Amino acid sequence: ILKTLNSWFWWENIWMPINVTWAHFVDRDGLVFPKPHQLYATIPYAIVLLIIRFFSERYVAIPLAKALGIKNVRRVKPQPNPVLESYFRECSKHPSQSEIQGLAKKCNCTVHMVEKWFRRRRNLEIPTVLRKFQEAFWRFSFYLISSIAGFIFLYDKPWFYDIWQTWVGYPFQTLLPSQYWYYMAEISFYWSLLFTLGIDNKRKADFLAHVVHHLAAIGLMSGSWCGNYVRLGTLVMFVHDTADFWLEAAKMFNYARWEKTCNMLFIIFSIAFFITRIILFPFWILRATLYQPTYYSTTPVIAYFLFNGQLLILQGLHLYWGYLIFKILRRFIFLK
C-alpha cells in the first residue's frame, strides 16, 4: 500500500509539464536540481535552530530585557495536591464557590487555601513578560536575518524585478547555493515553531490560524522545492519575512513599556504588512502563479491547483490578520 501511495504521490502528471519526467531532473551539464530527499535535512536543522534559540534567549534576550527595564517575576508554585491538580486539568480552572467548598472538604483544608491554590496554579499558566520578550526576540532575530539574507540573495537576480523571469526556462532552472540555504533555513524555522507550539506563548485569538499558517508554509515550501518552483518560492518567503520583524520589534518594546517606540514600530509594521501581504502578494505573486503559467503550458498540471490553493489559503490568512491589524490601528488613532 505504501509503495502504491508513493508512486501516486510522485506521478509526473502531478508535478511536471507534459513530456517531462523525474529522469530529466538528474544533475548534468552544469545544471543542479533540487531533490526531494534533501528536505529530510530540515528536521536536524530545526533541532539546531532550537539549540541556537535556547542560547540566544538565555544569553542575549535576558540581558537585553534587563537593560530595557523588564524584570524577571518569579511565580509562586502552589503546594503539590493531586486532587486539585486533577480537577484543574480535567474539570475547570475556575471552579464555582460550591465546587471550591466540595474540594476543600475532600482535601481536608480551608476554602481560602483552595482558592489560593487555584489562583497560583492559574498564574503558572500565564507566561511572564520576560518569557514573552524572549520569544519575540527570537522571532525578530530570525526574521531580520532572513530578510537581509533574502535581499542579498535576490537583489541581483532578474526575477526579483521582472516576475516573468520566474518561468523562463522552467522546469530546467539550476539550483543556486543561496537558494538551497534560504529554503533549508526557512523550512527548518517553521518546523521548529511547530515543535514548540505547546510551550510557546499561547495565542487565544489566532492559535489555530498560526497552526494552519505553519503547516501551509511547510507544505508550500516543500512542494515548490520538489517541483523546482524555487524562484517563485524565494520571492514568497522574502515578501513574508520583510514585515514580520517589525511586529516582533514592536512587541519587544511593548513588553518593555516603551510606548512611543512601540507605537512607531507598529505603524511601520502595519504599512509593511499592507504593502507586502495585501498588495504585493496577491497582485504580484498570485498573478505570477495563477495567470502567467497559462502562457507556458496549455495544460496545467495538478500541482498548479494544489499550490495555488495553498497560496489562496495564505492570502485568506493575510486578510484575516489585516482585519485584526486594522482594528488595532483604528483603536490607536481614534481612542488613543
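Glycine too: its Cβ is placed from the backbone N, Cα and C atoms.
Predicted automatically and left uncurated, TrEMBL annotations should be read as such.
In TrEMBL this protein carries:
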- 86-123: DNA-binding region (DNA_BIND)
- 84-122: domain 'Homeobox' (DOMAIN)
- 131-334: domain 'TLC' (DOMAIN)
- 39-56: transmembrane segment (TRANSMEM)
- 136-155: transmembrane segment (TRANSMEM)
- 180-199: transmembrane segment (TRANSMEM)
- 262-285: transmembrane segment (TRANSMEM)
- 305-326: transmembrane segment (TRANSMEM)
Legend entry - Surrounding residues of the transmembrane segment (39-56) on its own chain - C-beta under 8 Å, 6+ positions past either end: 137-138, 141-142, 184-185, 187-189, 191-192, 195-196, 222, 225-226
Inset, instruction - Given the cut-off of 8 Å on Cβ pairs that are 6 or more apart in sequence, determine whether the transmembrane segment (180-199) and the transmembrane segment (262-285) share at least 3 such pairs. - result: no
Inset, instruction - Pull the DSSP breakdown for the DNA-binding region (86-123) and write it out as helix, strand, coil residue counts. - result: 29 helix, 0 strand, 9 coil
